[in-house]
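Reading through the structure tokens given below for one structure.
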């Protein structure tokens, strides 16, 4: 069941089109990657989903219902440009933002307590935001995003500005939230950064959707049956079923990229190799999302 | 509504808790009290008892120079040289030397002092001598002081307003003052707190928190919450100023036991006492050197003032003040908010501030130069009808009396005006708060009005 269905959404500004007839749906309970280069239209789409702006054409359905103001409290949005009131105390700020999302004061206070315990930041509560480091501010902002336990969490470039330790902390939190039933939308132009996290992706380029679906399926569709082999010996492939794309040799150690042709199986290649060389490593070369994106963009340009 | 209420609360509380707010709120009444008290305090301080030696060779003033509370005369005899030596040995303020003169030609009177004799002392001595010489001249011509006092005319014009509502006492000075003070307060309030709205919006924009907030509330709610919250801050400050000023002035007066600048309450009291024809000795005593006649005049003036106040339509003025105060603030406040949304930082606000500043400044200047002189003229009329100038100009006119239809028209237009500017501002605001790094001009702004968001 999809939590969000985007149906033919277009958005035009005075002199450019931000979104052009974009459709896809986001399954509930997954981590969804909204990917594309800068200026592709990701933020425009997010602003339509969070009802900051409206679409010129098309509809968005939240749990099968047409998007309405009441849905806002079920969403948590961490914008790309982070910011909090600099001269407001951490505790007050979290309370204010949670109340704006419709939480009662008592409820918000209780949840703030759980979160500050989890992040071990009790001593920050009385501090002004401006007295915190940038990483600390990001943590506070992350808490503010999820405090009202939204069922849809939208994170725009979530890892920018986090050091690796905090980035991992946030990753763990995101997985935990997903396991608790929330759906997470990641929007980023750094596709490699979320590849391992996302279950589903949608690629957007120049206001158009290029591709979407489960990551595994996409990768399967774009895999090239190429394997990287590392081993000892002198590799000479003469079979018509295998094509050597690349080969290096150094001090008796070789490294080769080989593509399987004519419906041959990886095991056939392995068998062929074992008789000739000493195999140390045999890995399928799966295209990264980045590669797929570039290929796809090239295809559409040529088409 | 709950969300607007939350926003109002935040805007209000963060500002009211600021150190600068607390300091300003406490300091201003203290300064006011100081301004009212200081002159009196200085006077009593410099008014330390002065003793003047008098060497009167003419004999005209023997026993005639009356001692006053802080001015004493010590007559001595002998030659001038002796007197000078004697004076040097004392700590008296001055030596007054009156040579042999006649009342017809009182020349050559000299004051010797150790330091420069103060202007005040000099004037007091001159007054005392003049009065005595006058007295003697009257005596010589067969008149006495009492007769003269009866003859002396003191003309005071009673200005009466003949209007349909009957006769009313009218004092142009008081009438003008009431309106002008109200207009000045409105003028400053709009500027001070309008700029605060603008800063608040810019702050949210540069902090980038605005996107988080408007994913929870509508931009319009955020804007209105801010405008209303800041209005509440302003009202709180004014209220506290009034209460604290009163407390401070009363407390300080009581502490120093002086009556340099009577507070309005005391003035009222004095006026009442005088009006009931009771003795004005109280004032006389307090005023020390004031003569009975002076005290009478003083009481009369106070009575005049209080009467003029009483004759002003105070309730109407107060009502109008509150209305134009809030109306003007709302009208301009939303525009200030729109400017804040249109720019990235405060330095860029200049070009957009102009059209807001100009009508305000013009109405302020015109209030003094034209409206006050001719409160029923065409300039006054039009400026008090047009919403952008009416909050200030109408306040100047109201105490002079304004026909009901003009007042109602002006108020209705002001309400329409702020609905219009709020609408306009909201259109600019919703686009502007998410727009970064773009130099905005008027052409661009006008496009925003018709954006579909």
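Placed from the backbone N, Cα and C atoms, the Cβ positions cover glycine too.
Cross-referencing B:289-306, B:379-396 with TrEMBL places the feature transmembrane segment at B:379-396.
According to TrEMBL, the feature transmembrane segment maps to residues B:238-258, out of the candidate ranges B:238-258, B:259-279.
Looking at B:144-164, B:312-332, the range tied to transmembrane segment in TrEMBL is B:312-332. Of the two recorded stretches, the transmembrane segment (B:379-396) does not lie close to the transmembrane segment (B:21-43), with fewer than three CB pairs under 8 Å once pairs fewer than 6 apart in sequence are set aside. With respect to Cβ pairs under 8 Å, the transmembrane segment (B:408-429) is most closely packed against B:312-332, considering the stretches B:172-197, B:209-232, B:238-258, B:312-332, B:352-372.
Contacts between the transmembrane segment (B:352-372) and the transmembrane segment (B:209-232): absent, as fewer than 3 C-beta pairs lie under 8 angstroms at sequence separation of six or more. Tertiary proximity for the transmembrane segment (B:312-332) is limited to same-chain residues at least six positions away from its ends with a CB under 8 Å from its CB atoms, namely 174-175, 178-179, 182, 185-186, 189-190, 193-194, 227, 231, 234, 356, 360, 387-388, 390-392, 394-395, 398-399, 401, 407, 411, 414-415, 417-418, 421-422.
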